[in-house]
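In what follows, a single structure is set out as structure tokens and then discussed.
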Ligand code: CP
């Protein structure tokens, strides 16, 4: 694998999921693979799970890890080519990425969208500039529009919990939030569920919250949450801001919050969320603290997803 930006980079969803689940059973079996290799983790935005699980994954493979909070500790980066840098930016990504590429064997980047300019966000300017100038394999730790490490984690979490011959019904439901959030997690989850194909995947959200069809694909979209959740085996809860009315909150209907009542007509569904989650806004305490929540198991699986990705890139070098 040359890079990890989206599902299109993996050899196959079941294949990479198997590699991840194998690492869960044997975390240190490839301890020598990353010997004398260094992973540089570059953060332009905050993180708990992605940062910690990816570091653990890299160390399980014998890699050294350097974490750089470039937004707080680095020079202000200029991302646009051809500009006169007489404003607030100090260093161009051309030099910054190329220099970091001298120090690291693999570079992992986290960037968020501005949620102001759809075109700028959806062309993935930030991560693409690192791909262009670093000269080393790039791993997305979440970009403006996708969060593939989270989605691979979600695949392996569903895969390890589901042991029936029929396909599970997986419903991704929008839920309210007080802030405008990126579409990266739902875009990516939809992209991976569609590419995997081993689930019956349904999306439910209020009207106006349609995702970019490039990611939602042919998944049925049902605007009635109760109807969509009937018989669900997995409920994937996530807020996102509007793609159509870009970056805006156009619905504040609290009835979309996931409670025990919301889950009543599911098949005793397992409840997933990428975290962090705002309790009693997105998901009620009674669900997060109850037996249907698998959010901690899901977050734990972040390590194995990251280890599978890093190992595949190391093997290809
Ligand atoms: N789910 C996720 O990416 O968590 P962090 O933002 O804490 O890394």
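Including glycine, each Cβ sits where the backbone N, Cα and C put it.
Taking Cβ-Cβ distances under 8 Å and a sequence separation of 6 or more, the neighbours of residue 149 (carbamoyl phosphate binding site) in its chain are 4, 50, 54, 139, 140, 141, 142, 302, 305, 306, 309. If you look up TrEMBL, you'll see 47, 48, 49, 50, 75, 110, 147, 148, 149, 150, 274, 275, 302 marked as carbamoyl phosphate binding site.
As annotated by TrEMBL, N(2)-succinyl-L-ornithine binding site applies to 142, 177, 238, 278. Around the Cβ of residue 142 (N(2)-succinyl-L-ornithine binding site), 24 further Cβ atoms fall within 10 Å across all displayed protein chains.
Summed and averaged per residue, pLDDT over the domain 'Aspartate/ornithine carbamoyltransferase carbamoyl-P binding' (2-160) gives 97. Feature annotation from TrEMBL assigns domain 'Aspartate/ornithine carbamoyltransferase carbamoyl-P binding' to 2-160.
For 198-311, the entry in TrEMBL reads domain 'Aspartate/ornithine carbamoyltransferase Asp/Orn-binding'. In terms of DSSP helix, strand and coil, the domain 'Aspartate/ornithine carbamoyltransferase Asp/Orn-binding' (198-311) has 32 helix, 19 strand, 63 coil.
DSSP assigns residue 149 (carbamoyl phosphate binding site) to a helical segment in the three-state reduction. Annotated pair residue 177 (N(2)-succinyl-L-ornithine binding site) and residue 274 (carbamoyl phosphate binding site), C-alpha to C-alpha distance, rounded: 14 Å. Only 47, 49, of the binding-site residues 47, 49, 278, 302, place a Cβ under 6 Å from an atom of ligand 1. Using a 10 Å radius centred on the Cβ of residue 75 (carbamoyl phosphate binding site) and all shown protein chains, the other Cβ atoms total 12.
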